Structures are given as structure tokens and as C-alpha cells.
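Q: One structure coming up, written as C-alpha cells, with questions to follow.
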Amino acid sequence: MARILLNDVRKSYAGNQVIHGITMEIADGEFVVIVGPSGCGKSTLLRMVAGLEAISAGTVEIGGKVVNDLEPRQRDIAMVFQNYALYPHMSVRENMAYGLKIAKLPKTEIEARVAKAATMLELEPYLDRKPRALSGGQRQRVAMGRALVREPAALLLDEPLSNLDAKLRVQMRLQIKEMHLRTGQTTLYVTHDQVEAMTLADRLIVMNKGVAEQIATPLEVYERPASEFVAGFIGSPAMNIFTVDAADGRVTLPGGAVLPLPVPRGGDLRLGLRPEHLRTAQPGEAAIPVVLRSVERLGADAFGYGMIEGSEVPMVLRLPGTSQLSRGDRVEAVPDPAHLHFFDPVSGRRIEG
């Protein structure tokens, strides 16, 4: 296990910069998830740490040693990819042991490491099976076991669950979390799935167009998003974000309604409200008028999708699962003043109150 340090890491292709100066420290034993939409640079950043992509500027340190010029095999890391890449003619045991045999470790050491990883990943019943006799989730566990038996300084995972169905992803998330708790392995994990990111990470790197928009704990990212991009990306349904005109402790909403709110400054602002931080207004209470277009019922909860009255600005509300509201109904929603998010309309950065 080891600390990973990124110091102003940059990547360019033909003069076009795709990774823009990322600096962070991943502590020994920490589980950090890089999350963002397709094309944001998350896999490129992981591959730079692994040595599969050259670093254009800045440095990467693993275990206190700058590794910019080292080959992947010299960095003491192990990787797990989206595709399992198991040898089809080898058993689970042989797949997990193969790298150790190439490294010429003693047979007893190889057997001990494979047995330890198989126990941790609940693979003992499958050690003599070929990959074709395994489910997708079992194959992915074999790929992880093959990485773990090497006992690397750091474990890097690139979208390891994206080929699995929804039920298997939930199961594998739990197993990955339990595996990390047992091993204390320094882990860098890439995903586009915010649920994976929020449930697995000690800290998140939220990326957008090669920029680390925010590096923080999942709770901090959710409760205090550093930018409008982060606010809209993390959370499901996404945060409602729209432009308001602020002045003298009130905001004028799209459609013309006026709402008293504590504002950080006057002028145009971008206001963010999560669906769960809106409640139905009491009679005579100033509120956001919303006309529903549809209601999505999920059992315990329901979500109402509509528009702010008098505008084309979309709005999502969380409703009780027993709600009888339907298309065309008008709802007056009041935001929780403790959960207001304001963003600069030009830079998109968070404005503190």
C-alpha cells in the first residue's frame, strides 16, 4: 500500500490539452473515485497514473517515488478493467496465479495468496472452473482476485462494473467495499455512475472536460457542490437550477413570481434546489408555482416533473409515494432556506452566502 500524489498533472494531444493541471493526494489506504460524464478525462487520468498514458506535464508519485518515466510493471500497481480479459483455457485458480508464476514466486506463496484472495472474494467453490462456466459477476471477481494476489502498492479500477446488470452491480459494489475494508488497499476507481461513486468513495474527484471541478467527500460534494456542473451531475433526480433576479432579500423567479429568500448578493444568480428540499406550501405562503406534466411513482416516494408556472423552466419535486397528484395539477413548492445553492451565472462557481 502507498500514497499517490498528483502534482499539476496535465495531458495534451497534438497541442490540445485534455487534462488541466490536477493536483491531489490519495492517502495510504484511501478509496478515491474519479467520476464524470463520458469524455471528461477520467480514464485518461487513471491511465496516466498507471503508466499507460504519457504525462505531458506535472508529476505522479507512488509510494514517495516519481513514476513518470517508469513502465507500468515498475510502478507496483494492479489494474482491473471493464473487460475481464481472463484466459479462457485456464481455471479460476490458474488465472489468479498466472502473474505470480511469471514473477517466479515460490509455489507455496502463490497457493497462499490465491487462497486468501479466493476466500475474500468468495471464489473458493469456483477455483477449478473455467471462465465460461462463470457469471459476469464471478468473472469480474476473478479479475479482481488476479490483481489482489500481486499485493500491489495501489489498485486501479477502470469502470469494472459497467458490463454487469443492475442487480449484479449492487452486489459487486458491496463486495468491493467489503474487500477494501479488509485489505486497506490504496484504490483509485473510475466510473460514470454516481451511485457507485457516492457509495464506494472516501473522496470523489468530479471531472468535467479534463478539469477536477471538485475534490471532496461524497457528502460534501452533495451538500456543498463547488460548481453548477457538480450540482447538476451529482444527485438523482438532478438538482433544479435556474436563473433568478435577486434583490433586497427576495428573488424574482422565471414566470414573474417573487419569493423571499436569503441571497448572497443582488443581480442575476443561478439558484439550485434539490427535489428533496422542497415542500408543499401552507395557505398564503410565498412559494414556487409548478404545473405538473407527469408523476413518476416509485413506491415509497414519487417525483413530480413539471414547469415553473408562466415559464418553460423545468422543475422536479419529491412527493410522498401516496400522492394523488397527476398531470396538469398545480403545486406550490417552498424551498428549505438551509439548503439553497447559488452559482455565478458566468463562471458557474458556487457563491457562498
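If you go along the chain as it appears here, the first residue is 1 and each next one adds 1.
From the backbone N, Cα and C atoms, a Cβ is placed for every residue, glycine too.
In case it helps, Swiss-Prot gives these features for our protein:
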DOMAIN    4-234  domain 'ABC transporter'
BINDING   GLY36, PRO37, SER38, GLY39, CYS40, GLY41, LYS42, SER43  ATP binding site
Q: Around CYS40 (ATP binding site), how many other CB atoms lie within 10 A of its CB?
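A: So the number of other Cβ atoms within 10 Å of CYS40 (ATP binding site) is 24.
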Q: What's the number of neighbouring CB atoms sitting within 10 A of the CB on LYS42 (ATP binding site)?
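A: Neighbour count, Cβ to Cβ under the 10 Å cut-off: 27.
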Q: With a radius of 8 angstroms around the mean position of the C-beta atoms of GLY36, PRO37, SER38, GLY39, CYS40, GLY41, LYS42, SER43, what other residues of the same chain does the ATP site pick up?
A: HIS192, MET207, ASN208
Q: Taking every protein chain in this structure into account, which of the binding-site residues GLY36, PRO37, GLY39, GLY41 has the most other Cβ atoms within 10 Å of its Cβ?
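A: Result of the Cβ crowding comparison: GLY36.
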Q: Within 10 Å of the Cβ of SER38 (ATP binding site), how many other Cβ atoms can be counted across all chains shown?
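A: For SER38 (ATP binding site), the count of other Cβ atoms within 10 Å is 7.
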Q: Within the chain of SER43 (ATP binding site), which residues six or more apart in sequence place their C-beta under 8 angstroms from its C-beta?
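A: Once residues fewer than 6 apart are set aside, SER43 (ATP binding site) is near ASP158, GLU159, VAL190.
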